[in-house]
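Going by TrEMBL, these are the annotated features:
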type: DOMAIN; residues: 281-352; note: domain 'FYVE-type'
type: REPEAT; residues: 195-228; note: repeat 'WD'
type: REPEAT; residues: 238-272; note: repeat 'WD'
type: REPEAT; residues: 362-395; note: repeat 'WD'
Amino acid sequence: MASEIQPQPQARRPCLLGKIDAFQDVVSSAVIIPKEDGVISMSDDRTVRVWLKRDSGQYWPSIYHTLSTPCSCMSFNPETRRLSLGMDTGAICEFVLSEDYNKMTPARTYQAHQARVTVVLFVLEMEWLLSTGQDKNFTWHCSESGQQLGTYRTAAWVSGLQFDVETRHAFVGDQSGQVTILKLEQDSCSLVTTFKGHTGNVTALCWDPVQRALFSGSSDHTIIMWDIGGRKGTAIELQGHNDKVQGLCYASHTRQLISCSLDGGIVIWNMDVTRQETPEWLDSDSCQKCEQPFFWNFKQMWDSKKIGLRQHHCRKCGQAVCGKCSSKRSTIPLMGFEFEVRVCDSCHESITDEDRAPTATFHDSKHSIVYIHYEPTTGSLLTSGTDKVLKIWDMTPVVS
């Protein structure tokens, strides 16, 4: 039940401040309480716990509340101390925490969905409670009256939700890999647009209201930055994980994106650089470098008496090339390729050492991450792992 205090931070690396390991099951959601040096956790064992850091440097529970049914997601507003819990039953149970964080009082229950609640988001400025469920419905309620204001049917059940207060746009990412933008009014909503760039389901969304950019993470191991405010349709791909992206958060003051994955990696991306879109892959029946036919091009194979080759694509220029003409590998950080990828020989010669300079830093959390929460006021990052452990990190050495 105790936390573990680690040594002083090393230069330019996250510093592990402590960890909480008193859980019987995986913590599926947790938040850092700003200004209180505490954590609210929600575990698969149906418990909600509030952990406060004691003088000894250890975290001990000030609240240990067992729910009647499993809880699937949560949203906490520190200004009102309102804790909204999405339940497996489709209901949303709301509690108010006391000022000393030693008591949680039931406030309201919303009958929001017909199946498991997947995301819940409280918007104080609008006094709205947004939620999505496995019933494929997106709903919003008035948090003062408890009345449902509207609903929208989604194409697949939603796994990511963000909201822009200024424009009243809701960003909805679902299991099909699609992101939907909705314009919300008091009691109605309209579809703005939909876009899809992932080959897997959307697992995390993050919205930057300053630059008006939306970040989406996916089970396909990639992150895409959608330039909403630029109105140019730019989509920048970031590849720096070897497994499903489990969480995204953005430090707007330094323009750095933090991403975490099931592979245990914490990646800090410098978004204050001019990035390039990856090119579309070109179609061709023969290598666009040596003109050798690909294996389906029977006519050219017959005419030239040559064996057909397998088609590849250069990640830098997008041309269709054979293996012999794309035997080299290189990182292309400004295109989001922090790992080495296939490039054609001519592009490989054009890439300089300066072009290969990394735009991201990589850190090992030493546990398989399932959930993250970033608190910008303290520069602290919370990671929850499959090892049933919560870790609290000081990110100021790398996000500053």
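Placement of Cβ uses the backbone N, Cα and C atoms for every residue, glycine included.
In TrEMBL, annotation is done automatically, which means it is predicted and not curated.
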Statement: Lying 6 or more residues past either end of the repeat 'WD' (195-228) yet within Cβ distance under 8 Å of it, the residues of that chain are 156, 159-166, 171, 173-179, 181, 234-250, 252, 255, 257, 259, 261, 269, 271, 275, 336
Field: Structural state census, the domain 'FYVE-type' (281-352) (DSSP three-state)
entry: 19 helix, 20 strand, 33 coil
Message: Within the repeat 'WD' (362-395), count helix residues (DSSP H, G, I), strand residues (E, B) and coil residues, in that order.
response: 0 helix, 21 strand, 13 coil
- prompt: Given the model, what does the mean pLDDT over the repeat 'WD' (362-395) come out as?
  reply: 96
